[in-house]
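Visitor: Mind having a look at this structure? Questions to follow.
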Amino acid sequence: MVRAHNFNAGPSALPLDVLKKAQEELIDFKGTGMSVMELSHRSKEFEDVLADAKDRLKKLMEIPDTHEILFLQGGASLQFSMLPMNFLQEGKVGAYVVTGSWSKKALKEAKNFGETVVVASTEDDSFTHIPEVTVNTLPENTGYLHITTNNTIYGTQWQDFPDFGDVPVFADMSSDILSKKVDVSKFAVIYGGAQKNLGPSGVTIVILRKDLLNQQNSGLPTMLDYTTHIKANSLFNTPPTFGIYMLSLVLEWVEQNGGVEGIQKRNEEKAALLYDLMDEFPEFYTPHAQKDSRSLMNVTFTMPNEELTKDFLQKAKAEGFIGLNGHRSIGGCRASIYNAVPIETCQALAEFMKAYREAHLQSVK
Ligand SMILES: *Cc1c(COP(=O)(O)O)cnc(C)c1O
């Protein structure tokens, strides 16, 4: 069996140990004589799976009791609408920091439900960095502040988070959730699709501070009302059962690999392998992100010309490096190196890039 060097941006690599365990349990889950997919979502066995996933996430991320964990559907994209629908109130504004395509999409949806304001944007700089935002930048009547902690397409990431006082901060962490230590208590809502760092697509994780529900808009469709899902412990209707099971296995794998601290250390090592190489040869591999905003998850770079980029991507693919093309909206190259991407995979890519440069240096000069 040959596993690909998988740099897909999402859905993306899963830990091999997790896939093996799922395979082992697939046909007969814990003596039930059926797979997890065939269990009732109301069964004791599935309730345990869900409780496991919740407990593990709570412990790993040190989620305080003030916050509830939900497993929903509709992806991070539905949260773009659900958040303003539930929490953007009349007389208040939803404040948005625009750091890439996903932030723009979140903003677009909020406009359907009330007043919004862009408090900072780096679009004029081609989204190469994270802007400075402080609580003083925010309008008096800010209802909430929305940020995208990691910009999957542009390869930039917030390095740390300012203190925004009493303003509820909503964070789209789709592409860096559980990749490094984060103080959850600083956020009113953290959300993300599972398919980058946490499991397969189909499950959306929402971590929500319960006191937000005291100021919720009324008249919402039942399924789009957070209260529905909190009251039902994410079991109001049929949840994505297999996805939640896989999430639980991925979280178990994180526990076994040093927890968030261990994962973070590895992620830093992995990213350094690629950024160090680019810093050595910046005229050949030019990072898109400014140094102080570089993402540990999505390493984006351009090459001297289109022709070379195309050739590089083709040769890389032939060598088993999958998913290195940049997002269709910006081109160039991107290596997504989420939690489950092994360090050996990053080493192999760094070596390939080094050799490729040596072989093609002449054609550039
Ligand atoms: C992938 C991604 C999304 C979209 O997620 P879906 O689950 O496909 O809706 C949103 N925001 C960010 C930052 C992403 O990386």
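Every residue gets a Cβ built from N, Cα and C, even glycine.
Note that this is a predicted model, so its numbers are computed, not measured.
According to TrEMBL, the feature domain 'Aminotransferase class V' maps to 6-348. Summarising the annotation, TrEMBL assigns coiled coil to 36-63. Look at TrEMBL and you will find Arg42 tagged as L-glutamate binding site. Residues or ranges marked as pyridoxal 5'-phosphate binding site by TrEMBL: Ala76, Ser77, Trp102, Thr152, Asp172, Gln195, Asn237, Thr238. Summarising the annotation, TrEMBL assigns N6-(pyridoxal phosphate)lysine to Lys196.
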Visitor: Give me the CA-CA distance between the residue listed as 'N6-(pyridoxal phosphate)lysine' and Ala76 (pyridoxal 5'-phosphate binding site), in Å, as a whole number.
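Guide: So the alpha carbons of the residue listed as 'N6-(pyridoxal phosphate)lysine' and Ala76 (pyridoxal 5'-phosphate binding site) sit roughly 11 Å from each other.
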Visitor: When a 10 Å sphere is centred on the Cβ of Asn237 (pyridoxal 5'-phosphate binding site), how many other Cβ atoms does it contain?
Guide: 12
Visitor: Which state, by DSSP, holds Gln195 (pyridoxal 5'-phosphate binding site): helix, strand or coil?
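Guide: The residue in question, Gln195 (pyridoxal 5'-phosphate binding site), is coil (DSSP, three-state).
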Visitor: So which of the binding-site residues Ser77, Thr152, Asp172, Asn237 sit close to ligand 1, that is, with a CB under 6 Å from an atom of it?
Guide: Ser77, Thr152, Asp172
Visitor: Return the count of C-beta atoms lying within 10 angstroms of the C-beta of Ala76 (pyridoxal 5'-phosphate binding site), excluding that atom itself.
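Guide: So the number of other Cβ atoms within 10 Å of Ala76 (pyridoxal 5'-phosphate binding site) is 23.
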Visitor: How far is it from Trp102 (pyridoxal 5'-phosphate binding site) to Arg42 (L-glutamate binding site), counting Cα to Cα, in Å?
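Guide: Here the two Cα atoms lie 35 Å apart.
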Visitor: Express the predicted model's confidence over the domain 'Aminotransferase class V' (6-348) as a mean pLDDT, rounded to an integer.
Guide: 97
Visitor: Take the C-alpha atoms of Asn237 (pyridoxal 5'-phosphate binding site) and the residue listed as 'L-glutamate binding site' and report the distance between them in angstrom, rounded.
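Guide: Cα of Asn237 (pyridoxal 5'-phosphate binding site) to Cα of the residue listed as 'L-glutamate binding site' measures 10 Å after rounding.
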Visitor: Apart from its near flanks, which chain residues at least 6 from the ends of the coiled coil (36-63) lie with a Cβ under 8 angstroms of it?
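Guide: The answer is 25, 29-30, 69, 71, 178, 182, 184, 205, 207, 233-235, 238-239, 241-242, 244-245, 247-248, 251-252, 254-255, 259-260.
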Visitor: Fewest neighbouring Cβ atoms within 10 Å: which of the recorded positions Arg42, Lys196?
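Guide: Comparing Cβ neighbour counts within 10 Å for the recorded positions Arg42, Lys196 gives Arg42.
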Visitor: Are there any residues at least 6 positions away along the chain from Ser77 (pyridoxal 5'-phosphate binding site) with a Cβ closer than 8 Å to its Cβ? List them or say none.
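Guide: Looking at Cβ-Cβ distances below 8 Å from Ser77 (pyridoxal 5'-phosphate binding site), excluding near sequence neighbours, one finds Lys105.
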Visitor: What is the interatomic distance between the Cα atoms of Gln195 (pyridoxal 5'-phosphate binding site) and Arg42 (L-glutamate binding site), given in whole Å?
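Guide: So the alpha carbons of Gln195 (pyridoxal 5'-phosphate binding site) and Arg42 (L-glutamate binding site) sit roughly 25 Å from each other.
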Visitor: With pyridoxal 5'-phosphate as the bound species and Ala76, Ser77, Trp102, Thr152, Asp172, Gln195, Asn237, Thr238 as its recorded binding residues, calculate the greatest Cα-Cα distance and give it in Å as a whole number.
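Guide: Across Ala76, Ser77, Trp102, Thr152, Asp172, Gln195, Asn237, Thr238, the two farthest Cα atoms sit 31 Å apart.
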Visitor: Tell me which residues of the chain lie with their Cβ under 8 angstroms from that of Thr238 (pyridoxal 5'-phosphate binding site), as long as they are six or more apart in sequence?
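Guide: Spatial neighbours, sequence-distant, of Thr238 (pyridoxal 5'-phosphate binding site): His41.
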Visitor: Please state whether DSSP places Asp172 (pyridoxal 5'-phosphate binding site) in a helix, a strand or coil.
Guide: strand
